[in-house]
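Trainee: A single structure is presented below for examination.
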Amino acid sequence: MSVGKAAVKVVRLGRISYRSALEVQQQHIKQHMDSCSTSPNTLLLCEHEPVYTIGIRQAPYPPEEEQRLKALGADFFRTNRGGLITFHGPGQLVCYPILNLACFKKSVRWYVCELERTVIKMCSTFGIEASTSPDTGVWVGNHKICAIGIHCGRYITSHGLALNCNTDMSWFDNIVPCGIVGKGVTSLSRELGRDVPPEEAIPKLLEAFTEQFNCTLTYN
C-alpha cells in the first residue's frame, strides 16, 4: 500500500432492496462509531429494486403522494440524506461510500465535490462531457446523469450517488427528479446510443474514485 493513502474496501451487494441496503449501511456506520472498532472505509456497490426515496426536505410529499407512487409498483422511503425525491431501480449503479472523512479531509463540501468530480472523470472515459451545475449532481447539458445525496454525522458518510446506466427512464416521468423543475434525466445508455449495464461502469467508476480520493482499493 502506498504511504499516506487511505484504504477503502469495495463490497458488492448485487441487487438488493433499499431497506436491506440501509441496514447494511447502518452496520458499517456503527462499526465506525465504535471507538474499539478498526472498521475500514467502505464502498458499497449495488442495484435496487424500484424505489422512490426522498431526503430531509419532505414537505412536498404527503401520504397521498406516497401512495400514488407505491401504486406504480415501486417502494417508497423517507431518508435522512440531503436532497428531494429521486428514483432507484435496476440498471442504476448505486454507490454508498461509508467513509471516515478524517482519513481524507474533514469537509462535507469537499466530499460532495469530490464525488461529483469522480463521476465527471468516469463519464469522460466513455467520451461523455459531464459537468456540475448550481444543483447538486452530475449533468450532461440540462439532464442529470447521476444523483448525489449524502448524510454525514461525526464525519462518517453514508448514502451516496446513483448513476443511471441502462435504467428504465420512464420511472422518472412520475416525479420531478430531485425537485428541480425544467430539467430532465439521462443515462450512459441514452448518451451513447447503446446498452451500458452497471457492470461496464463499475471498473471505470472505481478507477476514477481511487484517483480522485487518492486511495487504494481492497476487495472482499
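Cβ atoms are placed via backbone N, Cα and C, with glycine included.
Where the annotation comes from TrEMBL, it is an automatic prediction and has not been curated.
Small disclaimer: the values here were computed from a predicted structure and weren't measured.
Quick paste from TrEMBL:
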| type | residues | note |
| --- | --- | --- |
| DOMAIN | 37-217 | domain 'BPL/LPL catalytic' |
| BINDING | Arg81, Gly82, Gly83, Leu84, Ile85, Thr86, Phe87, His88, Ala147, Ile148, Gly149, Gly160, Leu161, Ala162 | substrate binding site |
| SITE | Lys144 | site 'Lowers pKa of active site Cys' |
| ACT_SITE | Cys178 | active site, acyl-thioester intermediate |
Trainee: Far apart in sequence but close in space: which same-chain residues, 6 or more away, have a Cβ under 8 Å from Phe87 (substrate binding site)?
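Mentor: Result: Pro50, Val51, Tyr52, Thr53, Ala74, Trp171, Phe172, Ile175, Pro177.
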Trainee: Since the record lists Arg81, Lys144 as recorded positions, which of them has the fewest other Cβ atoms within 10 Å of its Cβ?
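Mentor: Among the recorded positions Arg81, Lys144, the lowest count of other Cβ atoms within 10 Å belongs to Arg81.
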